[in-house]
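Have a look at the structure below, then the notes.
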Amino acid sequence: MASPGSSAPGGVAVVGSGLIGRSWAMLFASAGFRVKLFDIEPRQVTDALVSLRKEMKMLELSGYLKGELGAEEQLSLISGCSDLREAVEGALHVQECVPENLELKRKLFAQLDKIADDHVILSSSSSCLLPSKLFAGLAHVKQCLVAHPVNPPYYVPLVELVPHPETAPATVDRTYALMRRVGQSPVRLLREIDGFALNRLQYAVIAEAWRLVEEGVVSPGDLDLVMSDGLGLRYAFIGPLETMHLNAEGMLSYCDRYGEGMKRVLKTFGPVPEFSGATAEKVHQAMCVKVPDDAEHLAARRAWRDGCLMRLAQLKHQLPQ
């Protein structure tokens with residue numbers, strides 16, 4: 001079996017042909033890997049391949065296609081498959097992308113466990129399901145982990161690597177190297193935790209944003225500006241810990257200077273919101289003024305978002321670290 005560090009990439013199986021699965025297929029193909037895109041419904045695979053061709057051609061025309069290969073070369077590396085054993089055969093890595101349902105994913109990994117060899121990595125794209133629940137009882141558990149991407153993975157490079165308690169260190173190392181090879185930014189979680197790292201941070205922000213709107217402190221539109229034109233601009237380049245470090249004479253100076261103030265404010269934070277009722281309706285109406293919730297407007301806004309993310313990714317790539 002080829003390894004991510006070899007000169008000739010091997011094969012990757014992507015299980016699930018939805019938006020996340022298609023993004024993974026594009027990423028692996030951009031680095032020269034042969035990709036088998038599996039779905040239990042053959043029509044879904046056919047539709048996915050048509051969608052991939054359209055998107056990759058558009059990316060090439062706009063100059064945002066990743067990798068050194070042209071769109072046609074990358075597309076030639078992606079094939080559809082509706083037989084799971086055939087999809088996995090010869091693969092160095094399997095990336096699962098089925099809907100976020102524990103029983104569905106457990107059933108799939110039980111099938112993969114029966115046909116996997118002792119070398120292939122079995123990876124889930126789950127955003128919140130714990131590896132200890134996903135991979136419990138599998139014979140190949142040492143080869144299993146979660147590799148959680150950020151939506152959309154083609155435009156946002158972060159991938160959280162979350163091991164099962166029995167995952168072999170080499171499995172994490174190989175997956176880390178593979179993610180780097182396809183242009184992603186992997187981070188290692190040293191142990192599993194509910195929500196992983198990204199969603200725990202995201203949910204903390206969402207909860208306080210909701211409370212501020214619910215308590216009449218700020219409007220939904222202005223709340224979003226606090227992030228998009230404030231914190232978000234910094235966080236696109238440096239994280240919260242480095243921000244602290246730079247906003248004083250180092251981290252210890254920041255903690256000494258602002259620690260008591262932070263604790264005072266944090267003690268005023270309210271309980272976990274219900275995310276329903278009058279506040280939900282208020283936020284919904286405010287969002288619909290900006291982006292109506294019909295399919296056409298939402299798709300157009302997502303396309304605008306993806307274009308912004310791609311331009312930002314290119315800018316970050318050009319800037320010195």
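Including glycine, each Cβ sits where the backbone N, Cα and C put it.
The phosphoserine annotation in Swiss-Prot covers Ser6 and rests on similarity to another entry.
Sequence annotations record features per position, and here Swiss-Prot assigns NAD(+) binding site to Leu19, Ile20, Asp39, Glu100, Lys105 based on similarity to another entry. In the three-state DSSP scheme, Asp39 (NAD(+) binding site) falls into the coil class.
Counting Cβ atoms from all protein chains shown, Leu19 (NAD(+) binding site) has 16 others lying within 10 Å of its own Cβ.
In this entry, NAD(+) is bound by Leu19, Ile20, Asp39, Glu100, Lys105, whose most widely separated C-alpha atoms sit 17 angstrom apart. Long-range Cβ contacts of Asp39 (NAD(+) binding site) within its own chain (separation 6+, distance under 8 Å): Val15, Gly16, Ser17, Gly21, Val45, Ala48, Gly80, Ser82.
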